[in-house]
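These features come from TrEMBL:
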BINDING   G679, P680, N681, A682, S683, G684, K685, S686  ATP binding site
COMPBIAS  877-896  compositional bias 'Low complexity'
DOMAIN    753-769  domain 'DNA mismatch repair proteins mutS family'
REGION    869-896  region 'Disordered'
Amino acid sequence: MTVSPPEPNSTHGVPDRLIKHAVRYADHQLVNRNDLTPMMRHYADVKDQYPHAILLYRVGDFYETFFQDAIVISRELEIVLTSKDGGKDVGRVPLSGIPHHALDRYSAQLVEKGYAIAVCDQVEDPAEAQGLVRREITRVITPGTILEEGMLNARRNNFLVAVVIAGTHWGLAYADISTGEFLTTQSSGLDALNHEITRLQPAEILCPTNAPDLGRLLRPGETSKQLPDCLPTQFCYTLRSQSPFSQVEARQRLLQRFRVRSLEGMGCEHLPLAVRAAGGLLEYLESTSERTVLDRKKHITPQQVPLQPVCTYTLTEYLTLDNQTRRNLEITQTVRDGTFHGSLLWALDETITPMGSRALRRWLLQPLLNISEIQARQETIKELVENGILRDDLQRLLRQIYDLERLAGRAGSGTASPRDLVSLADSVSRLPDLSRLVATARSPYLKALQNVPPVLEHLGTRLHAHLVERPPLAIKDGGLIRPDIVPQLDAMRQQATADEKWLADLEVLERDRTGLSTLKVGYSKTFGYFISISRSKADQVPPEYERKQTLTNEERFITAELKERESRILNARKELGAMEYEVFVSLRTEVGEQAELIRSVAHAVAAADALAGLAKVAVYQGYCCPDMVAGRDIAIGEGRHPVVEQSLPAGFFVPNSTQLGKSDHDIAPSHPDLIVLTGPNASGKSCYLRQIGLIQLMAQMGSFVPAEHARLGICDRIFTRVGAVDDLATGQSTFMVEMNETANILNHATARSLVLLDEIGRGTATFDGLSIAWAVAEHLASEVRARTVFATHYHELNELASLLPNVENFQVTVKEMPDQIIFLHKVQPGGADRSYGIEAGRLAGLPPSVIDRARQVMHQIEKHSKIAIGLGKGKPSDPTTPQPDSDLTTQLDIFR
Ligand SMILES: Nc1ncnc2c1ncn2[C@@H]1O[C@H](COP(=O)(O)OP(=O)(O)OP(=O)(O)O)[C@@H](O)[C@H]1O
């Protein structure tokens, strides 16, 4: 591993600020191992085993890093970079360290930046070590394998994903080890894979490759030839070897882990790619995160990550939302600045617990297709809307329930602290109250809370009986377990108390006995307990006092009895701490064994929390329960945009109705499949368009919707094409992005889809754009028959309504005043013939001279230019081919 060292004066990647420390080596691989100090040599050997992780190496009260890792962490964490002696012939090497108690905080920062961390702990007491203290890796933390509470975002899942791609087919498995979820799927189409990954927003993705640098973590945005092109680059990737992802190995691993003979019960026996992804993911967890726990004798015991048996899902179980649609509908973040504030989730999240909030986020990103599942959620919301007292009481109780999902996960993985167990006991002991509260409830999600498993009640009582109300943070120093629970502990405590009392009384007794009124009993780290006498009286001490230390003003003595008591007290404290820790660990194991059950209760609580939150929003925002039907109708009475409405003063939002897709022409009136929506700039077209998509999405996730009434058929997909964004990263122009998105819609939309198009064809020449817009609208209306709203400034598209029976025109109205226009935001039948773009420009502050000139130019254009299809009342012979006015050559003249 060692290579020739650099020339003595070479700087070899050493940062300038270390050159003055005479540091020559910035890379541990450049140093001859035999020249290193024993500790440094061990560090370098361990580092070789974890080349792609930052190695945090415990030295006393610090986790230290050396060589290249020291340079990285000092840069990333903005902490001091200094140096330490690496050996006689090596000189000083870079050093950067963090205090041991700040491990979580700094690890969180490093992981957030996409680094993996290997934690190397001291696994023997330095005081008892013969030579170098024994150290071992106790934890490898990667972005997708975090369990530590302080490093996780409470309100969202932390997913680890594994993908296996075979041609255009793929398997994807994902797990959140903090909550135990473990799912897998198989499908085809690389776009669909990209959309599924983006939906999950994984913290880390595992990708099997034949790469030479296996184990490498690619940070977000970093590319590698080993990574298939179809994968989105904004996530962290870990390159893994192929073999655990092979069918045989992966299947075997799953069978062993979940102790089953076949994967049939998990639904993936016949989905080889799903099995391969799941098995590969499991192998990664087993090799990196099956953490080790140090017991009181510093023995390392492996601890399994508590995962639920893998569950197979299909993409077609849910309403399909592609990346653009999730982005354009601003479901979890806004388009403009990527913030949570202003998103749909922001408007709807009135949950109390982090579990409820995570459930709501999941539901919003995976709306349902099954009407009865939707109705089960609706019924629960309805009951909570109608019974305000029940809703308030439920939310009040939920406030006392902690994150049971993650608490169970930490208990199962051996990382829960005593405080975690107390929080868990507090939460579990609230479950019977919850069950009593919903005893007479009728709706499915509330009924699910009626039965509390007796074993959990018993567990809560046991934890409360054993653990003190507020255990200390340091878990090995005792003070965790209540008295009168473990007789052996009580006996030890009594002895320790007696000894401590003896010590407390000693000062008074000895003062009396010796007549030395300045005598004191003290404690120092070096000598332990001592008796201190002022130097002037030191010659008056009794003969059994043994002089130990002389200070300027005092002499310190010990006695045989004092030393004996001292060693009893110190031993007792140590023993007590260790025994309490043992009792705590066995309690934690008991909880871990119930992790599965706790999680199933947690799911029920999370769902009830999400629904109570939705009920609250429904009440305060005046939402209605949509009638979900099997047909294709989208009938919304006086609908509103759930987010814009909340951002405007009460009563300012103008509601608008929508009727789409009622194709049964025998029952009049029928409703169009496609609406051409025109209207001036800034009149509210985009808002109206999105409002329809959001109402449909909310309805399919089971929520009430912002409308007076709604009757909605189930959609298989919602597509949106909104605005124009350059995708410079992939080298695509604005227009090409627009065309790609449009192609995706035309190739995948069905009669059951909802398509929302906000301007098509704006990024090219007017005639090209109009021609494309026309052809797209025509195809959607007559071939696909998808329910579509097409917002446009090409007023010529209004002609389509006179050509196709299932197309209608609507416009967002304004009121024209002599010197201004007033936005009414009202959608009405008919097509607009003007865009008032110049007026919008004036309102935006374009200079008056530019506005005047624009008016002049427009006047000229209107006089000279007409597009054939927009001209007439009659139908053109071939409407798909827009014909410019024969006089079009005069266009050039009009700018004169
Ligand atoms: N129904 C409504 N009630 C009240 N305010 C509304 C309504 N619809 C839209 N608005 C307000 O009008 C603003 C402009 O709306 P929107 O962006 O939808 O216009 P637009 O017609 O799509 O404009 P453009 O054609 O320039 O893209 C919104 O930011 C919103 O504040």
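Each Cβ is built from the backbone N, Cα and C atoms, and glycine gets one as well.
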According to DSSP, does N681 (ATP binding site) fall in a helix, a strand, or coil?
coil
For the domain 'DNA mismatch repair proteins mutS family' (753-769), what is the mean per-residue pLDDT, to the nearest integer?
84
CB neighbours of K685 (ATP binding site) within 10 A?
26
Using a Cβ-Cβ cut-off under 8 angstroms and a sequence gap of six or more, which residues of the chain neighbour G684 (ATP binding site)?
V654, V812, F823, H825, V827
Which one of these binding-site residues, G679, P680, has the sparsest Cβ neighbourhood, judged by other Cβ atoms within 10 angstroms?
P680
Around N681 (ATP binding site), how many other C-beta atoms are within 10 angstroms of its C-beta?
18
Based on Cβ atoms within 10 Å, give me the single least packed residue among the binding-site residues S683, S686.
S686
Beyond the listed site residues G679, P680, N681, A682, S683, G684, K685, S686, identify every same-chain residue whose Cβ lies within 8 Å of the center of their Cβ atoms for the ATP site.
V812, F823
